[in-house]
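Engineer: Structure incoming, see below.
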Amino acid sequence: MLASSKRMNSSSRSQILLRWKSDKAQSGPYNVEKEILTSRFLRDTETCRQNFRNFPYPDLAGPRKALSQLRELCLKWLRPEIHSKEQILELLVLEQFLTILPGEVRTWVKSQYPESSEEAVTLVEDLTQILEEEAPQNSTLSQDTPEEDPRGKHAFQTGWLNDLVTKESMTFKDVAVDITQEDWELMRPVQKELYKTVTLQNYWNMVSLGLTVYRPTVIPILEEPWMVIKEILEGPSPEWETKAQACTPVEDMSKLTKEETQTIKLEDSYDYDDRLERRATGGFWKIHTNERGFSLKSALSQEYDPTEECLSKYDIYRNNFEKHSNLIVQFDTQLDNKTSVYNEGRATFNHVSYGIVHRKILPGEKPYKCNVCGKKFRKYPSLLKHQSTHAKEKSYECEECGKEFRHISSLIAHQRMHTGEKPYECHQCGKAFSQRAHLTIHQRIHTGEKPYKCDDCGKDFSQRAHLTIHQRTHTGEKPYKCLECGKTFSHSSSLINHQRVHTGEKPYICNECGKTFSQSTHLLQHQKIHTGKKPYKCNECWKVFSQSTYLIRHQRIHSGEKCYKCNECGKAFAHSSTLIQHQTTHTGEKSYICNICGKAFSQSANLTQHHRTHTGEKPYKCSVCGKAFSQSVHLTQHQRIHNGEKPFKCNICGKAYRQGANLTQHQRIHTGEKPYKCNECGKAFIYSSSLNQHQRTHTGERPYKCNECDKDFSQRTCLIQHQRIHTGEKPYACRICGKTFTQSTNLIQHQRVHTGAKHRN
């Protein structure tokens, strides 16, 4: 016995035991009526399976037609158009497993409607353990095991199962509801409809429980989709008068009628129905169905009877017909029964010809309506099956949180969330799970098994849900739609995350700093800031990252991959964010505006960085020298001065740089690319800064001003060199003679004195 059953809590145990005892202790009409009241009906798949398994060979149709019908029934059951091979295999295994179970256990397990063989096994295991523990108090569930039984404990565990195989199954007559004709006449239309419903539900419940049931002929009549629209009252019939002349006077006809019709059981009506059906030739008094009917006229005119037998047969046949027609008709029909009159040795009947005018259900018409959800159906059995889904919904309630479940096994699995119980343990790594299905999925990590394959691209998956999600990449299906903005998503989780944009909900809270997040993944990424954990390592340069996405982006530096391409100019980028930034150069859009100076930016990150120029905030500090920076990228670039790291290397000449932008600019030396062009004179430049400086020659702009002498300059470097005149700073020193200079160009010229190099004009 699995640990799950051993550690089952008392709430689950009591619910299973109560269900088992109530089903086992009650038999006959009460048990089935209880099932009716709770509407524990068979699912559509089970009905299709029964139709397939119990399909009779039609002699008149021939073998080819029979094979075609059988194939159609099989397709309705297995549904290969929506089920995978694994799902069809699961249906077959579940069917065979339920077949080999002992009778009463099979009945009980079926009544729980397991959706998989794994769920059915769990039900049997849980029930087995409970009954073993209850065995000392309940002698009806098990027998005393002999002391010298060679089978030992196993015999005790399985003995109660074997005993159940010999139990006798009930028949349809055992559950038939008996009523008298007098009771029927006193019933209201709603009660008559209920009686019809109960009769059909009794039959379908016995089929759903796997019992061998001979189909009474009244069942297909009750299931026929037709309605009575009117009845025709006729006068005396000459044919009836002729037949009535053969009957001699009767002193007390009412006595005969009462005796014959005192108690008419449902199964008796089946016998009369069989007789009438065998003697039917059509014509006078007929119930119309799709395939057959029976005639009272033909039945009464077959042979001559004495008066008493003639009249009593008439009443009995009439009463049974009234019973059938009242069971069938869906609307309350008032039947005007005119009394038989005997006059001077002749029987003249002013009879009612129940000439019920029927019409077939029109195409598309659905006369049967569900009282719960309002859904309509063409056939009554379809309504019964549908109503079972409402009754089966949420039958088991969790005592901890009040949540309801359809199946007891689902409740047991749910309660492990409250208890923290994880009875299913992986033998490979020791990880434990609350459900066996989760363990099965986990074990595929160790085995490498990926049983679910995409038919389009051949990619394999370990879980069916992952395959379903993947297939949407091929179909483009996005079934999850936001009701606020209409945006659609391929995953339900993506829709949930998106909806938090509208609601502003941030349910994930960091325990360290209290910061909230709308997605759990964002919280996990944030928590790595506090822990300092960087589990993702680059195999090329051994750099570590806190997030896998950062590592993927970094690896594109080594591979040179640029998978994001601009549709306007064809330029490619390694990161999607860089492409988005680039696209703003084509649109000119600058939607982020500074509230202080009014300057506009194309990206929110640029606006955030700009704000720091007003506030003076420098949140990024170097741990080595203490220097602070307003941007994290500037800190990263600065730290490379201390560690000497130059991760950006030119593939042509091997020169390395601390910044990727410097490498990009350097590579233009090899390619000769000059992407920055002056609109005034057409001159092109390698660097954007060079273009900016050049354009000032056309505009005359001199934005850099000396605070000492108010002299203006077009370039910042020129201002820096000029300011050294005021400060006397000479940062460039000769290594040979120690002479210092204010500009690097002056130092280069001086060094030629020592080297003997001549300046080129």
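Cβ coordinates come from backbone N, Cα and C, glycine included.
Sharing the feature lines straight out of Swiss-Prot:
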DOMAIN    49-131  domain 'SCAN box'
REGION    134-154  region 'Disordered'
DOMAIN    170-238  domain 'KRAB'
ZN_FING   368-390  zinc finger
ZN_FING   396-418  zinc finger
ZN_FING   452-474  zinc finger
ZN_FING   480-502  zinc finger
ZN_FING   536-558  zinc finger
ZN_FING   564-586  zinc finger
ZN_FING   592-614  zinc finger
ZN_FING   620-642  zinc finger
ZN_FING   648-670  zinc finger
ZN_FING   676-698  zinc finger
ZN_FING   704-726  zinc finger
ZN_FING   732-754  zinc finger
Engineer: How about long-range neighbours of the zinc finger (620-642): same chain, 6 or more residues beyond its ends, C-beta under 8 Å?
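Structural biologist: Apart from its flanks, the zinc finger (620-642) reaches 609, 612-613, 658-659.
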Engineer: Could you tell me how many residues in the domain 'SCAN box' (49-131) are helical, how many are strand and how many are coil under DSSP?
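Structural biologist: The counts are 61 helix, 0 strand, 22 coil.
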Engineer: Express the predicted model's confidence over the domain 'KRAB' (170-238) as a mean pLDDT, rounded to an integer.
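Structural biologist: Taking every residue of the domain 'KRAB' (170-238) together, the mean pLDDT is 57.
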Engineer: If contact means at least 3 Cβ pairs within less than 8 Å, sequence distance 6 or more, would you call the zinc finger (536-558) and the zinc finger (480-502) in contact?
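Structural biologist: No; fewer than 3 Cβ pairs under 8 Å.
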Engineer: Counting by DSSP secondary structure, give me helix, strand and coil numbers for the zinc finger (704-726).
Structural biologist: 11 helix, 4 strand, 8 coil
Engineer: By DSSP, how many residues in the zinc finger (564-586) are helix, how many strand, and how many coil?
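Structural biologist: The zinc finger (564-586) comes out at 11 helix, 4 strand, 8 coil.
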